Amino acid sequence: MSSTKKPLVLTILDGYGHREEQQDNAILNAKTPVMDVLWQQQPHTLIAASGLDVGLPDGQMGNSEVGHVNLGAGRIVYQDLTRLDKEIKEGDFFTNPTLTAAVDNAVKTGKAVHIMGLLSAGGVHSHEDHIMAMVELAAKRGATAIYLHAFLDGRDTPPRSAESSLKRFTAKFAELGNGRIASIIGRYYAMDRDNRWDRVQLAYDLLTQAKGEFTADNAVAGLQAAYARGENDEFVKPTVIQATGEADAAMNEGDTLIFMNFRADRARQITRTFVNADFDGFKRDKVVNFGDFIMLTEYAADIKVACAYPPASLTNTFGEWLMKHDKTQLRISETEKYAHVTFFYNGGVEEPFKGEDRILINSPKVATYDLQPEMSSAELTEKLVSAIGSGKYDVIICNYPNGDMVGHTGDYDAAVKAVETLDNCIEQVVAAVKAADGQLLITADHGNAEQMRDPATGQAHTAHTSLPVPLIYVGNKAVKAVEGGKLSDIAPTMLSLMEMEIPQEMTGKPLFIVE
């Protein structure tokens, strides 16, 4: 069959960074005969996946959203974090028309301003500096009831690191003489993205009704009580913060609610719980008719509320360019990273392009992935191998979540198991690509599993790293690797391997030169 396509496959091993030291390195210490041989024998290079190279502030660790946007765009895409930092530094944030109107509306009607978000310096889903700027904006414009609902991190930050953030905000409210921290809860509940509505319900009830399993006089006391119960930041149970004599901070009709997370994937569920009239994830005991609900950035095109910083659109991303040249493509991953190989890889476009198929494999329903480090990789690999051999696709883009999702648990032995599982999967993918006479690129979006303990604190290292990631070529062309690349060079590399023109919007450079 002359129409059988020889696919170019991009396999993204999420959280699979490159680090030379063996100590606490789940990737180097795992038994990975397949990846070892590929690294020794195939054209390969290391590429940058963090900081300025991906449009983040200098030194900022990479993350999956940012990684996939850069992978698909073929140019450095300045991230919301960098954009917001700049807005605050230059003062434009404080005159943002959407934010100022929402605060002014609450002031005029004598209603409360509620600010919620991940109170963290992690910079992945939010940044506490942005939340601080929002508190200052509200106070400057005359809001008298400012309530901060703090989601705690411990995933993109050390597992027990929230105290300094809570102290910082407590001091700020004392200085303003107005406002307070009204609730604390771990992101495990407030920021679920896998339709575990029982978790989200606990967060929703805490926020709307000031109803939680625990109560404390102040946020630090609430946190310390959670630690005493054995809960790390990420898992802090819903805690109402209310000293004797303080008004309760339940959300009421006409109040303003501003959600300060800038990353979409873990902000969508709880936002829909607040704003969707037809919401059916659970029975909401209280539905609040807000004066204003503001999302900091656009969490999804179908969430119809005001947005302070709408997305800047990207043209001629890799997926769009393939469509314009009548190429077929497949995107495939598990639930945990499905949005990354579709929405984020397509530059924030939700709808598939013409000629783009998608396969979603359900991630296992376990509390944390150290309990099942292989996740759904067997089914994912089976579907991927079948697609490679189908002759249907010019390009296949796949993400294996294991290195990242298991790396986030901080469980070293589980991370080793995850990496060994991936090696077995890669063996099958390589064989399928060779059988189809195709080409394969293996890379990662950022590091994680190569650093499982924080040498400074001795705590488990659950966050991403700023280390480079591998890029390996397997295929039917003789190629030479170029040094000094970054994630945004991958799309131009793929087009060049397919002997296609590279659009002028893509400023990245090919990293494998055909000899």
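Including glycine, each Cβ sits where the backbone N, Cα and C put it.
The DSSP secondary structure for Asp445 (Mn(2+) 2 binding site) is coil. Other C-beta atoms found within 10 angstroms of the C-beta of Asp445 (Mn(2+) 2 binding site) number 35, with every protein chain shown included. Under the heading Mn(2+) 2 binding site, Swiss-Prot lists Asp14, Ser64, Asp445, His446.
What Swiss-Prot lists as active site, phosphoserine intermediate is Ser64, and the listing cites sequence analysis. Non-local neighbourhood of Ser64 (Mn(2+) 2 binding site): Asp14, Lys337, His340, Phe344, Asp404, Asp445, His446, each in the same chain, at least six residues away, with C-beta under 8 Å from its C-beta.
The substrate binding site feature in Swiss-Prot is assigned to His125, Arg155, Asp156, Arg187, Arg193, Arg263, Ala264, Asp265, Arg266, Lys337; the stated evidence is sequence analysis. In three-state terms derived from DSSP, Arg266 (substrate binding site) belongs to neither a helical nor a strand segment and is classed as coil. Listed in sequence order, the residues of the same chain lying 6 or more apart from Arg266 (substrate binding site) and placing their CB within less than 8 Å of its CB are His125, Arg187, Met191, Asp192, Arg193.
For Asp404, His408, His464, the entry in Swiss-Prot reads Mn(2+) 1 binding site, with the evidence type sequence analysis. Around Asp404 (Mn(2+) 1 binding site), taking its Cβ as the centre, 31 other Cβ atoms fall within 10 Å, counting all chains.
For Ala264 (substrate binding site), the number of other Cβ atoms no farther than 10 Å from its own Cβ, over all displayed protein chains, is 23. Between the binding-site residues Asp14, Asp156, the minimum number of other C-beta atoms within 10 Å of a residue's C-beta occurs at Asp156. One residue stands out among the binding-site residues Arg193, His464 for having the most other Cβ atoms within 10 Å of its Cβ: His464. Close to the recorded Mn(2+) 2 site, the chain also has Ile12, Gly15, Ala49, Gly62, Asn63, Gly67, His68, Lys337, His340, Asn399, Asp404, Ala444, Asn448, His464: residues not among Asp14, Ser64, Asp445, His446 whose Cβ is within 8 Å of the site's Cβ mean position.
A coil conformation is recorded for Arg193 (substrate binding site) in the three-state DSSP classification, outside any helix or strand.
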